[in-house]
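Annotated in TrEMBL:
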| type | residues | note |
| --- | --- | --- |
| TRANSMEM | C:12-36 | transmembrane segment |
| TRANSMEM | C:43-63 | transmembrane segment |
| TRANSMEM | C:69-88 | transmembrane segment |
| TRANSMEM | C:154-171 | transmembrane segment |
| TRANSMEM | C:200-223 | transmembrane segment |
| TRANSMEM | C:229-262 | transmembrane segment |
| TRANSMEM | C:274-290 | transmembrane segment |
Amino acid sequence: MSEEIVLSVDRLAMHFGGIKALNDVSLNIKRNSISALIGPNGAGKTTVFNCLTGFYSATGGTIKLNARGKSTDVVKVLGEPFELGDFISPPKLLSRIYYKMFGGTHLVNRAGLARTFQNIRLFKEMSVVENLLVAQHMWINRNMLAGVFNTRAFRKAESQALDHAFYWLEVVDLVDCANRLAGELSYGQQRRLEIARAMCTRPQIICLDEPAAGLNPQETEALSRIIRLLRDEHDLTVLLIEHDMGMVMSISDHIVVLDHGLVIAQGGPEAIRSDPKVIAAYLGAEEEELV
Amino acid sequence: MSSAIANNPMDIKKSLVDAVLAGLISLIVFGPIVGVVLDGYQYNLEIDRVAMIVGVVMLGRFALSLFLQTAKGMAMLASFESSDSGVHVLAPDYKSRLRWIIPMLIVIAMIFPIFASKYLLTVVILGLIYVLLGLGLNIVVGLAGLLDLGYVAFYAIGAYGLALGYEYLGLGFWTVLPLAALAAAMAGALLGFPVLRMHGDYLAIVTLGFGEIIRLVLNNWLEFTGGPNGMSVPSPSFMGLEFTRRAKDGGVPFHEFFGFSYNPSMKFIFIYLVLFLVVMLVLYIKHRLTRMPVGRAWEALREDEIACRAMGLNHVLVKLSAFMIGASTAGLAGVFFASYQGFVNPASFTFFESALILAIVVLGGMGSTVGVVLAAFMLTVAPELLRTFAEYRVLLFGILMVLMMIWRPRGLIRVSRSGVVPRKGVAP
Amino acid sequence: MDGIFLQQTINGLTLGAVYGLIAIGYTMVYGIIGMINFAHGEVYMISAYLSAITLAILASFGLESFPLLILGTLLFTIAITGVYGWVIERVAYKPLRNSTRLAPLISAIGMSLVLQNYVQISQGARQQGVPTLLEGAFKLHIGEGFVQLTYTKVFILIAAFVGMALLTYVIQYTKLGRMCRATQQDRKMASILGINTDRVISYVFVIGAAMAALAGVLITMNYGTFDFYAGFIIGIKAFTAAVLGGIGSLPGAMLGGLILGVAESQFSSMVNTDYKDVFSFSLLVLILIFRPQGLLGRPHVAKV
């Protein structure tokens with residue numbers, strides 16, 4: 001895998017019982033780009049997201065995340081079921097047991113991938129700053145004794161975490177709300193706080209699940225600015241699901257169109273705009289017309 | 001809106017209907033169980049008891065129904081339906097009044113044993129033991145949102161740890177104290193690790209089962225634990241000096257060493273002082289924990305587990321840490337309980353005990369540690385003083401738990417959160 | 001196969017049938033509101049008292065025919081216990097429908113303490129009992145020993161089977177059953193379609209309590225004795241049965257009950273009677289670790 005590609009998905013399949021949500025999804029996300037995943041309702045966009053971010057463990061296919069200087073197999077770190085071959089080679093068995101015990105979604109985040117949620121999931125009864133501090137869990141001093149005795153090193157680490165938190169609050173324009181409860185914020189503010197919180201985990205790729213849903217045009221404009229800033233100034237790769245075509249077309253470098261669990265088209269905004277298959281998927285054309 | 005309500009005449013008829021309905025249901029529900037008391041294969045009728053209960057229910061329902069029609073009642077009803085949690089963030093420069101109260105309390109607590117009678121001292125020790133238990137469970141239930149119904153098992157591990165450690169290994173109070181905390185934490189880890197990755201409710205039932213397993217083993221393993229008769233526990237000693245009138249094996253007892261006359265409540269004074277220190281220590285640690293990464297992670301996990309996993313938190317290990325710290329606190333409390341009582345038996349570690357500790361957390365947890373401390377004393381010391389109500393104790397705990405959940409379901413959440421001074425951000 | 005093994009299997013099946021009936025209450029409530037009803041064991045305990053009370057009253061009127069006695073006891077116990085189920089839901093669950101996840105659990109535990117203590121206060125802490133209603137047994141000679149199948153056990157198996165069949169009919173083929181299943185699938189959608197979901201939830205509690213009442217009458221017939229604490233252990237075991245069969249699945253509850261009953265009987269005859277409860281609890285933990293979805297349940301997919 002080349003350094004160019006930060007996330008590569010190959011032949012991803014996801015079945016829920018008899019329902020095939022994803023059949024065969026392959027896509028590559030370039031480093032330092034903004035990519036969008038679009039498609040009609042029920043196309044499987046959120047399922048792809050949940051597989052990428054480690055919330056579903058895929059039925060088939062591979063997901064390779066190439067961030068923080070190493071390559072991570074997303075399917076493996078979630079803990080796969082045992083196979084016959086495991087019982088012949090002890091190292092393989094041990095690694096599988098390890099991931100079964102300690103693996104999970106959190107390892108995907110630690111590998112450098114952060115996400116937001118379609119239905120906002122903030123820690124509603126904690127303050128805005130605390131939300132951002134929780135997200136920096138892996139970056140601060142977690143030594144129990146240091147914390148209990150409130151040592152100098154502990155205070156310094158906490159202070160740095162606060163600096164970092166306030167930096168992102170400035171970016172998303174929420175400094176005034178720092179000491180409010182997350183649940184009290186307006187809808188648009190909550191969406192922005194969720195992005196700030198995801199950024200506090202210091203990822204290299206961020207997946208935004210319908211970030212503009214429910215926002216008014218000004219807020220959407222502000223959001224687009226933030227997303228571009230993430231790419232341009234923080235060397236980040238952004239992958240988003242979005243229904244607001246105006247926004248998708250204006251900010252994306254690369255667009256992947258999904259329908260019925262299959263990738264039906266991918267390419268730049270111009271190419272996608274004129275792709276007959278995409279138009280058909282959205283307008284619900286008959287199958288024959290496509291051919 | 002409120003004026004419109006005030007103008008409405010009271011609908012007394014509706015209240016009467018409500019009352020009659022409630023009376024009817026309570027007659028059906030209470031009638032057979034309260035009214036017909038089994039006596040062998042025969043029965044005795046106790047109609048007057050039924051009449052009394054039904055009467056009380058009807059009157060209560062009538063009064064409630066009338067009250068809810070007043071403006072005040074409506075307002076109260078509305079406050080139930082709104083999801084306002086009452087949590088607020090304190091101003092960054094907020095100073096708690098507690099910083100005056102705490103040193104004062106410490107001074108009072110230090111001079112208290114000088115004046116206290118032996119009986120009062122034992123009551124207070126029991127209260128402090130429950131403070132310890134309440135604090136530990138508050139970490140598990142209140143902060144991490146994990147319902148642990150077998151908390152008493154860890155308490156039993158501490159208590160039996162001392163008894164068994166003395167019996168088989170000759171360990172004393174001071175050796176067992178840290179070991180018991182460790183053993184309880186290990187037991188918590190063994191139980192918690194497989195179960196904590198599952199849906200939260202399962203934890204409740206598994207811990208319930210675990211509590212019962214421990215009790216059954218203690219009860220049935222006659223050769224090892226003495227079964228229902230229990231085991232005796234040694235008195236604690238201080239630097240090898242004993243608190244008895246005469247020391248064993250020709251040693252020097254505490255009072256002779258320091259040259260004052262023997263005082264039978266000395267053992268309790270000693271337990272009281274050590275226990276008080278431990279409680280203060282645990283209080284301080286808990287205070288720190290809520291301001292530490294792990295404490296924040298617990299609360300975040302209680303709020304939204306899925307979001308936590310997306311933030312890179314290993315939800316199993318974070319929950320496990322809360323579970324283990326809670327368990328080890330119970331282990332400590334167990335050691336104190338055993339040395340305070342002088343013997344241990346399985347009857348002290350029934351489900352009722354777990355329920356009592358949960359009731360302390362529920363009643364006191366109105367957000368703060370202070371609440372737990374007050375509740376622990378209220379629920380343990382008050383019944384001690386009002387012996388006549390002992391029979392109704394569990395009933396009251398139950399009613400208290402239901403009412404608290406209806407009245408203040410979020411009572412378990414810390415209500416005041418500390419604020420921070422806004423500062424200039426620094427880019428990564 | 002020796003006699004003891006067969007005998008224990010028979011004992012286990014009767015015990016398991018009763019566990020299964022109680023497990024239905026857990027499984028249905030869990031299916032519909034996604035919560036463990038901690039007061040369910042107490043519902044069973046109440047029904048045991050109610051059945052003894054009814055028997056005592058009926059006997060004092062000089063009633064001696066077994067069919068009439070058992071019919072009267074069943075009807076009365078099931079009716080009153082059903083009301084208990086309704087009241088429990090109304091008091092401990094309904095006000096907390098939109099509350100935090102922990103609140104209904106705690107209030108249910110409170111409820112269970114209230115019920116235990118209230119029965120203890122009104123009926124006394126001593127053990128209670130009922131006289132044997134059905135004398136006699138089938139005897140089967142196998143090799144050296146013989147296997148005894150009492151009429152009581154036969155009756156229990158038949159009654160439990162009939163109870164299950166009735167419930168399955170209600171859930172599968174009646175309007176009430178359809179409403180229950182719809183609410184279980186998607187409560188919000190069901191209420192949009194005009195189903196009074198609050199009422200359906202109440203019905204589910206009543207049905208669960210009724211099944212527990214049937215179990216209460218049957219167990220009381222078999223063992224003869226019970227006390228105010230009886231609901232605790234049986235409650236956990238019935239829950240184990242529900243988890244073993246796959247929580248949310250009705251046939252699973254019955255299957256889980258039977259398996260648990262037989263396993264427990266065999267364990268107590270082959271290994272140790274004192275630790276049979278420990279065995280059941282350990283089984284619960286093991287199932288939760290290795291097959292949390294149970295035998296007939298579907299794996300849980302978290303909604304993100």
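Each Cβ is built from the backbone N, Cα and C atoms, and glycine gets one as well.
Curation does not apply to TrEMBL; its annotations are automatic.
Contact between the transmembrane segment (C:69-88) and the transmembrane segment (C:200-223) holds: at least three of their C-beta pairs are under 8 Å, each pair 6 or more apart in sequence. Of the two recorded stretches, the transmembrane segment (C:200-223) lies close to the transmembrane segment (C:43-63), with three or more CB pairs under 8 Å once pairs fewer than 6 apart in sequence are set aside. Of the two recorded stretches, the transmembrane segment (C:154-171) does not lie close to the transmembrane segment (C:274-290), with fewer than three CB pairs under 8 Å once pairs fewer than 6 apart in sequence are set aside.
Remote same-chain residues near the transmembrane segment (C:274-290) are listed as 233, 236-237, 239-240, 243-244, 260, 263-264, 267-268 (criterion: CB distance under 8 Å, separation of at least six residues from the stretch ends). For the transmembrane segment (C:43-63), same-chain residues at least 6 beyond its ends with a Cβ under 8 Å from one of its own Cβ atoms are 22, 25, 69, 72-73, 76-78, 80-81, 84-85, 88, 115-116, 119, 123, 128-131, 133, 208-209, 212-213, 215-217, 219-220, 226, 228-231, 234-235, 238.
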